[in-house]
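Novice: Sharing the features that TrEMBL gives for it:
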type: REGION; residues: 13-58; note: region 'Disordered'
type: COMPBIAS; residues: 22-35; note: compositional bias 'Basic and acidic residues'
type: DOMAIN; residues: 78-185; note: domain 'Sorting nexin C-terminal'
type: REGION; residues: 213-232; note: region 'Disordered'
type: COMPBIAS; residues: 220-232; note: compositional bias 'Polar residues'
Amino acid sequence: MSAMESFIEKQTKLLEMQPTKAPEKDPEQPPKGRVDSCVSDAAVPAQDPSNSDPGTETELADTALDLLLLLLTEQWKWLCTENMQKFLRLIFGTLVQRWLEVQVANLTSPQRWVQYLLLLQESIWPGGVLPKFPRPVRTQEQKLAAEKQALQSLMGVLPDLVVEILGVNKCRLSWGLVLESLQQPLINRHLIYCLGDIILEFLDLSASVEESAATTSASDTPGNSKRMGVSS
């Protein structure tokens, strides 16, 4: 704020130092301040502070609390009443939102992306060499072991408080349903396409294309073509 104030003061002093010539006033022309005030009053509608939606600040928390209440419907019905939901959102909404933001930032950090890419590379090119023969089909024991390992990793994501409230069996059942839904090839294909779109949007390839186009157009200017003709 202090830097901004000093910048504004410097700009004001520079404007005051510049010589200005007052234009001749037309007696029939109304004062400029009055016209500007009339135009601004007519163009800018009155803003209603009640139209601001505070729920957008805790959008992730609202979704997470909806899922949590859905899981608690059969176990604790008294906790899923409308008044209780409002109370939970008011008390824990900001806390849950902050926790989710930290977890998402951790899962999408550069270190995590390096791990994801290394796992992807190792699964496609094991040892840095493209396999000559297709990978053998996994046995049922290998699938169960991988599912158990994934379930343990997902259970570690949940905080201890949520596990104590829902119960270990309830959490395992919920994550088991998630893993079961990921066994569908159509859903997996759609998920991979969505992740690809997100990665391409994150890389922002359009900016690099625009930069290359600007560089190409700059190299094709008449001055450059004349120089090329003289040099030839």
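Note that the numbers count up from 1, one per residue, in the order the chain is shown.
Cβ coordinates are placed from backbone N, Cα and C, and glycine is handled just like the others.
Since we're looking at a predicted model, the values are computed, not measured.
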Novice: Express the predicted model's confidence over the domain 'Sorting nexin C-terminal' (78-185) as a mean pLDDT, rounded to an integer.
Specialist: 82
Novice: What are the helix, strand and coil residue counts for the domain 'Sorting nexin C-terminal' (78-185) according to DSSP?
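Specialist: Per-class counts: 87 helix, 0 strand, 21 coil.
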